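As structure tokens, the structure follows; a few thoughts come after it.
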């Protein structure tokens, strides 16, 4: 009789045994590889400017209002389905990516503009600002380090049902409301207590209370107008408009290395058209963002040009990156240690160079 063993499962919880193993291996709060770039040029790329961030933010708002107006006119007809689908995709893709950028404080030179937009986008995306700021800080400090990175959203081997729920967002609303309620009463989970400094707890609690008041007002407005239009414009688009964002987020790290101190082999960059780059806030340059997170999003294309010779080739398009990600998911279902071939070959070649067995060359 042939016995087929199940793929080994690791504990991805940041409170589990993998955290201690990562510490012992020197993977926590460690020094990461950075592609060489002249100091003067890097300082130029790190300069924040109000003008491009203000231009892009205002353009997004205008497009969002226009899409919302079309959706409003279509309400009550079959045309409302594609109209709100478009509105939701624009809302979710842009709000989430800009919310992420504002959390870094890099788009605007004026600090209060970054913070104001971060709080607004947090409300729009149903994500508390203080909570995300600290979980995301850990994500950048320990990127895809098992047991330390709280943003590894799909452990290996993956589960298709769990991924489907994540894409269609059918299990998001109730847990989000419950989390806001518990935060408003001053309670945190063990994971939140691990990640968020005690000095920030009251800020988190007040954010939850403001969220509940704000969304309570939207619910009251729904009763007032006898339909759910207010929530269809604010809040719910994060759920019904998430489809595109799900694939964008999936391409960031899935199928790449875990537990490696080199962003070149644990974060994926892909090329895409200017429209998607605009709504995704240049996060297609995801490896560059992780390696140099203080570089504003509008300088990421230039940063890419500076360091691409020292990195794996970027995926040729968004569909190409999605295909590579889905293929990797299928492979990791059977072999949790699987890594996309071109990244594995790149890592092996870098190791040979490190050991002196091969001369560096342009990738």
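Here the Cβ of each residue, glycine as well, is placed from N, Cα and C on the backbone.
Per TrEMBL, the features are as follows:
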DOMAIN    77-314  domain 'Fatty acid desaturase'
TRANSMEM  53-72  transmembrane segment
TRANSMEM  78-96  transmembrane segment
TRANSMEM  208-226  transmembrane segment
TRANSMEM  232-250  transmembrane segment
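With Cβ pairs under 8 Å as the measure, the transmembrane segment (232-250) is packed most heavily against 78-96, out of 53-72, 78-96, 208-226.
Within the model, the domain 'Fatty acid desaturase' (77-314) shows a mean pLDDT value of 97, rounded to a whole number.
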